[in-house]
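*Asks:* Encoded as structure tokens, here's the structure I'll be asking about.
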Amino acid sequence: MNGTEGLNFYVPFSNKTGVVRSPFEYPQYYLAEPWQFSVLAAYMFLLIVLGFPINFLTLYVTVQHKKLRTPLNYILLNLAVANLFMVFGGFTTTLYTSLHAYFVFGPTGCNLEGFFATLGGEIALWSLVVLAIERYVVVCKPMSNFRFGENHAIMGLALTWIMAMACAAPPLVGWSRYIPEGMQCSCGIDYYTLSPEVNNESFVIYMFVVHFTIPLVIIFFCYGQLVFTVKEAAAQQQESATTQKAEKEVTRMVIIMVVAFLICWVPYASVAFYIFTHQGSDFGPIFMTIPSFFAKSSSIYNPVIYIMMNKQFRNCMLTTLCCGRNPLGDDEASTTASKTETSQVAPA
């Protein structure tokens, strides 16, 4: 084995020279240079500085403006809440531990940090699934008279939390476990060992199938159908400038959604899957740390893509920040007209 396994940790470094120490008790400078831990801390600080204001502002602006309290925006708010879970439950902890170069909070703190980071990430992921389904049902109209209402939004919210808990909670009760990963300053699911005493192999397979592959398939299917529907509508109305504009907006939005999802999650999932299927292989701590950077950055991507590109929300945000006046001069009528104009084919 090219790593060192302990009671509640796995360090990706051979202990042939006897230098490996518990990541809960000693700095891990044999894994990476001090400046690399400083870079990790600086990155976490950047995510906190950017992630907290934009997600908090999302919640605050929605509370301030009643017209934003629509069923679809419930899901967008759920994204903001999930991102705040990641900011406070994961990023702040990783910032502090990176400054010390080891996980100073012990196994209990590791369980809590791993749980909240996983919970926030999964809530965000399943929120994107609900958004994809909502867009598919509203735009493609597989059910002709269906209208996405408040009850459907509440059911969607419940689904995101149930599925997130179904992924984040089992390691706390003996099915798999949370251990320090990468540079040993943050915690995640144990992809590194089979750990038969906690049935780790079955949990990792379950997580990859139910909490990664299935969401990915749903998102691609829904947005693929969305693009086809919009193109078909445009083909039938060649002279409709409104439809042509909506086609471009939806296509751009879909591309950004899919690319952001892939950038955020596929590198991390791919590396984790490789590590799990190549037990004992030789890899360094940076091998897992860098992909996790992209996954954590979803706390910034999500509000920018799903909310900041919404013209109505953007106008409300500017009005809130500028004490009741919109410096861009976009009046309510133009915002309403724009929203109505693309309501049948463009994202809300």
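Yeah, the Cβs are placed from backbone N, Cα and C, and that goes for glycine too.
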*Asks:* Under the annotation given by Swiss-Prot, are Leu318 and Pro23 positioned on the same side of the membrane?
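*Replies:* Each on a different face of the membrane, per the record.
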*Asks:* According to Swiss-Prot, Cys187 takes part in a disulfide bond; indicate which of Cys110, Cys264, Cys316, Cys322 is its partner.
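*Replies:* Answer per Swiss-Prot: Cys110.
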*Asks:* Taking the topological domain 'Cytoplasmic' (62-73) alone, what is its mean pLDDT?
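*Replies:* Looking only at the topological domain 'Cytoplasmic' (62-73), pLDDT averages out to 85.
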*Asks:* What count of other C-beta atoms do you get within 10 angstroms of the C-beta of Asn15 (N-linked glycosylation site), across all chains shown?
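*Replies:* Excluding its own Cβ, Asn15 (N-linked glycosylation site) sees 14 Cβ atoms within 10 Å.
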*Asks:* Asn15 (N-linked glycosylation site): which of the recorded positions Asn2, Gln279, Lys296 have a C-alpha within 10 angstroms of it?
*Replies:* Asn2
*Asks:* Just the number: how many Å between the Cα atoms of Gln279 (Zn(2+) binding site) and Asn2 (N-linked glycosylation site)?
*Replies:* 9
*Asks:* Enumerate same-chain residues with a sequence separation of six or more from Lys296 (N6-(retinylidene)lysine) and a Cβ-Cβ distance below 8 A; give 'none' if the list is empty.
*Replies:* Leu47, Met86, Gly90, Phe91
*Asks:* Report the DSSP secondary-structure composition of the topological domain 'Cytoplasmic' (134-152) as helix, strand and coil residue counts.
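*Replies:* The composition, in the requested order, is 10 helix, 0 strand, 9 coil.
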*Asks:* Round to the nearest Å and give the CA-to-CA distance linking Glu201 (Zn(2+) binding site) with Asn2 (N-linked glycosylation site).
*Replies:* 19
